[in-house]
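Database features (Swiss-Prot):
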- 1-230: region 'Pyrophosphorylase' (REGION)
- 9-12, LYS23, GLN75, 80-81, GLY139, GLU155, ASN170, ASN228, ARG334, LYS352, TYR367, ASN378: UDP-N-acetyl-alpha-D-glucosamine binding site (BINDING)
- ASP104, ASN228: Mg(2+) binding site (BINDING)
- 231-251: region 'Linker' (REGION)
- 252-458: region 'N-acetyltransferase' (REGION)
- HIS364: active site, proton acceptor (ACT_SITE)
- ALA381, ASN387, TYR388, SER406, ALA424, ARG441: acetyl-CoA binding site (BINDING)
Amino acid sequence: MLQIDVVILAAGMGKRMRSTLPKVLHPLAGKPILFHVLDTARILSPTKICVIYGHGGELVRQTVGNDPNLIWVKQTQQLGTGHAVKQALPCLGKNGITLVLFGDVPLVKSNTLKSLIDKACEDSLALLTVELNDPAGYGRIIRDPKTNRVQAIVEEQDALPSQKKIREINTGIMVLPNMYLESWLDRLSNANTQGEYYLTDIIAMAVNDGVQIETSSPASDWEVVGVNDKIQLSTLERAHQQDVAKGLMEQGVMFADPARFDVRGQLICGHNVEIDINCVFEGNVRLGDNVKISANCILRNVAISDGSIVHPFSMIEDTEVGKNCRVGPYARIRPGTQLDDAVHVGNFVEIKNSHIASGSKVNHLSYIGDTEMGRRVNIGAGTITCNYDGAFKHQTIIEDDVFIGSDSQLIAPITVAKGSTIGAGSTITRDTPEGQLTLSRIKQISIANWKRPKKNKD
């Protein structure tokens with residue numbers, strides 16, 4: 001099996017980003033640009049992944065974390081792409097091939113890279129190229145007019161006027177045979193307008209050495225677009241999100257507007273899922289059959305089962321939602337919550353770290369925290385489970401078939417027994433008996449001849 005090494009060039013300063021954050025750490029679809037490149041590289045199961053870092057390098061390494069499968073090589077001076085790859089030479093195998101990727105080209109797909117790798121072997125070279133209507137700024141692919149074979153790559157700054165008319169450009173992504181790589185890199189020169197060591201100069205060397213050069217192209221141009229400023233980053237963000245939306249629509253998802261939708265992780269959908277505008281999905285989100293997500297909702301690490309509806313302006317995170325539930329509008333479901341089947345959570349309700357059993361309803365203006373709630377419970381408007389004493393959290397247990405009247409407070413730790421009714425306006429501090437009405441109110445009185453205070457007119 002052919003050994004594949006990967007070199008990722010991530011040492012650039014990114015001046016045009018106008019940011020103290022290294023360019024490769026700017027987020028796209030919820031994760032740093034470099035993470036996209038690393039994730040794609042890992043899909044290829046390479047022998048080694050070598051990251052060339054420079055500007056802000058320690059922060060880059062810290063953000064990526066301790067991955068024993070990554071080799072980090074520092075490029076102290078940014079002297080060009082050829083110089084950058086040369087820094088990785090001690091880490092690369094003597095045989096096999098090396099795939100060169102760029103830390104600021106985040107959206108190239110693994111299938112595109114697999115096709116490129118298939119074109120290469122231990123004694124040939126493969127380039128990823130693309131034809132652009134406006135190729136300005138890119139190196140041009142120079143081909144033999146008779147054989148159509150690649151002869152060289154000429155950078156924009158060094159190209160002749162006739163060469164600048166060529167629309168086929170070099171993306172920078174290439175597969176190189178390791179057996180030639182050291183010799184080629186040693187022969188690079190910086191005698192050009194930029195004074196840099198261009199990796200692309202090895203193409204002419206390969207031609208002179210009789211090495212066959214193959215080319216491959218991506219399915220979409222935006223796969224090979226790099227990020228140099230915030231405008232390009234924004235453009236790639238939308239291209240990525242529309243590509244994700246297209247894939248979901250091909251699976252049957254219905255969008256109110258696929259242009260107003262963001263996935264910052266992974267979204268898996270069942271049949272007949274409907275997603276309204278301005279919804280954001282973060283982490284791992286799974287939606288079952290016939291689920292409807294209304295406008296302006298945020299879902300983070302959520303599993304929602306068949307037939308459930310999330311109404312507008314709701315936020316759900318780290319939660320499991322059962323079948324045929326109703327959540328919102330304006331509901332907040334916080335981490336550690338499980339809603340069983342047919343649970344209703346209404347407007348301006350917050351639930352945290354709680355289990356709500358099937359058929360229960362919390363419809364209005366309530367806070368339920370650290371609670372184990374049984375089946376068929378009805379929580380009146382303005383109910384608060386008082387779970388925090390200033391130092392520790394305590395649990396509230398509400399058993400099956402309980403009715404809690406409006407504007408009630410349950411002071412945890414407490415158990416409201418099966419079938420209990422809590423009268424409206426009560427503050428409950430002790431466990432309640434099963435099947436009884438429990439109240440805690442002062443006696444209502446009316447004061448005759450009482451006059452409301454009035455302001456002086458002085």
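Any Cβ shown, glycine's included, is placed from N, Cα and C.
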Cβ-Cβ neighbours of ASP104 (Mg(2+) binding site) (radius 10 Å): 25
Neighbours of LYS23 (UDP-N-acetyl-alpha-D-glucosamine binding site) among the recorded positions ASP104, ASN228, HIS364, TYR388 (Cα to Cα, within 10 Å): ASP104, ASN228
Distant-in-sequence Cβ neighbours of SER406 (acetyl-CoA binding site), under 8 Å, six or more positions away: GLY380, ALA381, GLY382, THR383, ALA424, GLY425
Which of LEU9, ALA11, ALA424, all binding-site residues, has a Cβ with the fewest other Cβ atoms inside 10 Å: ALA424
Overall pLDDT for the region 'Pyrophosphorylase' (1-230), taken as the rounded mean: 93
ARG334 (UDP-N-acetyl-alpha-D-glucosamine binding site) to TYR388 (acetyl-CoA binding site) - Cα separation in whole Å: 16
Same-chain residues at least 6 apart in sequence whose Cβ lies under 8 Å from ASN387 (acetyl-CoA binding site): GLY369, ASP370, THR371, LYS393, HIS394, GLN395, THR396, ALA412
Integer Cα-Cα distance in angstrom, LEU9 (UDP-N-acetyl-alpha-D-glucosamine binding site) to ASN228 (Mg(2+) binding site): 14
Helix, strand and coil totals (DSSP H, G, I; E, B; other) for the region 'Linker' (231-251): 20 helix, 0 strand, 1 coil
Of the recorded positions listed as ASN228, HIS364, ARG441, the one whose CA lies nearest the CA of GLY139 (UDP-N-acetyl-alpha-D-glucosamine binding site): ASN228
Rounded inter-Cα distance in Å - HIS364 (active site, proton acceptor), ARG441 (acetyl-CoA binding site): 22
Other CB atoms within 10 A, centred on GLY139 (UDP-N-acetyl-alpha-D-glucosamine binding site): 25
ASP104 (Mg(2+) binding site) versus ARG441 (acetyl-CoA binding site) - Cα distance in angstrom: 65
Of the binding-site residues listed as GLY80, ASN228, TYR367, the one whose CA lies nearest the CA of TYR388 (acetyl-CoA binding site): TYR367
Sparsest-packed of the listed binding-site residues (TYR367, TYR388) - C-beta count within 10 angstroms: TYR388
